[in-house]
Amino acid sequence: MITLLVFLPVLALGLSFARVEPRYLFGGSMGVAVGVAGLNLYEVVLCGGVKQVTLASQFLVYPTGLGWESVTLGVYMDATTAHMVFIVFVISFLVHLYSTVYMGGDPRLYLFLGYLTLFTFFMVVLLVSPNYIQLFMGWEGVGLTSYLLVNFWHTRAAANKSALKALLVNRVGDFFLLYFLFVAIHYGGGIYFPEGEALRHPAMGIFLVGAAAAKSAQLGLHTWLPDAMEGPTPVSALIHAATMVTAGVFLLLRSGPYLGEVREILLFLGATTAVFAGSVALFQYDLKRIIAYSTCAQLGYMVTAVGVGHPDLGLYHLVNHAYFKALLFLLAGLVIHALADEQDTRRMGGLINVLPVTYTLFGVGSLALGGFPFLSGYYSKENILEVLYATGQWYGYTACVAAAYFTVYYSVRVVILVFLGRPRGPKPVYLAAAEADPLSLGVVTTLGAAAVLHGWMARDVFVGWGTTRGWSTPGVEAEFAVPLGVKLLPLAVAVAATLGVTLVERYGLPRVVGIHYFFAKRWWWDFLDGSLARRSLTQGYYLYVDLERGLLEWVGPRGVRWGVARVYEVTRNRGWFPLFFVLLPAGVALAVATAGVPGGITVLLVSWWGWTRRGWSFGYVVTVYLRGGDGPPRGLTVEFRRSPPGGFTPLLTRG
């Protein structure tokens, strides 16, 4: 039955391209997939065990340092995969339903739904892969479909740039993952996921970190993620909540034994990313961009959890985050639609009376994001902070506490700017604003309920006393190794951030211009990335002109063609055609001696190509040769005209 998880998205893809009516049937097969994924979650996680189905044996055979190995395509389902697949199908199903209304007026709705389904399919292929080869196939597919989705409104220049930026930055991660595969195959570690201690090369962990950093938008390779919100809002919800960005974290969860000594790098990278993204979000005014930077910060928490040696906490926070992040993005879409596509929070305000249901659910999502007690984000984020404290990771703990303060600050700030205070937008827009349709409200209400209940309901499955993983002990460490004051610190941080943003927004405290400008410019990372990209493109262009189009062309076919042409010109002008017919076989013989038969064939083909490109024909060569190599009589010139079906016919005319 687990094979249905792979083929149901394909069925939905066929329905979308067949333009089946009514529109909500597009999500029907995805809804069935949610049921199958839920049953699979029950069997694998609660009942215990691992499922595996082979779809194609010996799909690929390759040599390694220890002999020959074969690659199989199939479905591998353990607890980690079951959780990930379930959350992907839940979010994808809800986004499909939401999109039928949100994108209802778009003439290319069916294509959009097809892209969403294809995106889900590749993500599922990535998640259920039994080896790194199949994972890489899904990895590449997710990157391609994300480009198609972000660039769906391709007539917008901003969407074009954002999609291309996402594609290029993620190519960095693709190369890192390829290098990892090359080293794993050559070193003998193989392409199957390691269990326990595994053979590893020191570079393998570095390559995994690079691949995950690009896909999960860690500091330095993060710039594509905030710009990806230029696509339609349902795309942002799907990319930021359950797919694409979580692929890098999933790669780390799958590759634990290969990480080894690089866990400290992961800890530093994740904690720094959380601080960076949180501090930058404080100074943004685009509604979707604020939520996008919050995604970057929460991904930092997940990577930090993996770096500190508790991947279950990273998975726990990933699942909790998926619910409230999808909720926030879909609610942002409702606000933007209600205000005639306005995204600047400085032109909003006072929507509490116009959109009361949206305000309530947005408040729930913001509180869950900020880690308010007893909401989903509280349980996973608190556990990460407590484990950092218990293990003595002081930099990680301090950075994550600071990031928690920033998260609460911008979460409360965006609620104040959008829903409270006086209206700051055009009056006609506010008069026309209204709550969304029942289907959209039903989708966001479902996500709101999950944002409230999931953290508490699923705690024992991941990290509590009832967990089935004996090696996962953060619950025990939190109970006995962490003082009560440390446990209450997140609540104190939340209260302090709420008071701080209230004072700033109410009394307008003066800004320190330099600091404000630094954070508003996103620590100048976009400038640095742009400068590096321009320099790389410039150097690549010169390398292409000087080396590939220069030296290699003259050493290769272009040089051979030019040499043959010069020999021909000399022999023709001086009447040495017999010499030409000696030189050509000699060149072929030399090529065969040095490069084998393919080299000789290459010389012949290049020579023939040069003759046809330069207007030479075999008939003319024979004609001149039969005349004794003297060329045409004096007073005559030679014209070459193409004669069907090809070739050239020499014509002798009076000069």
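Including glycine, each Cβ sits where the backbone N, Cα and C put it.
Just so you know, TrEMBL annotations never went through curation; they're auto-generated.
Annotated features, as they stand in TrEMBL:
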DOMAIN    70-112  domain 'NADH-Ubiquinone oxidoreductase (complex I) chain 5 N-terminal'
DOMAIN    129-407  domain 'NADH:quinone oxidoreductase/Mrp antiporter transmembrane'
SIGNAL    1-18  signal peptide
TRANSMEM  28-47  transmembrane segment
TRANSMEM  59-77  transmembrane segment
TRANSMEM  83-102  transmembrane segment
TRANSMEM  135-154  transmembrane segment
TRANSMEM  175-193  transmembrane segment
TRANSMEM  205-225  transmembrane segment
TRANSMEM  237-253  transmembrane segment
TRANSMEM  290-310  transmembrane segment
TRANSMEM  322-340  transmembrane segment
TRANSMEM  352-374  transmembrane segment
TRANSMEM  394-419  transmembrane segment
TRANSMEM  576-609  transmembrane segment
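Among residues of the same chain six or more beyond the signal peptide (1-18), those with a C-beta under 8 A of the stretch's C-beta atoms are 25-30, 32-33, 36-37, 39-40, 51, 53, 55, 75, 77, 85, 89, 96, 110-111, 113-114, 117-118, 120-121, 124-125, 128.
Taken as a whole, the domain 'NADH-Ubiquinone oxidoreductase (complex I) chain 5 N-terminal' (70-112) shows an average pLDDT of 88 in this prediction. Summarised by DSSP class, the composition of the domain 'NADH-Ubiquinone oxidoreductase (complex I) chain 5 N-terminal' (70-112) is 28 helix, 8 strand, 7 coil.
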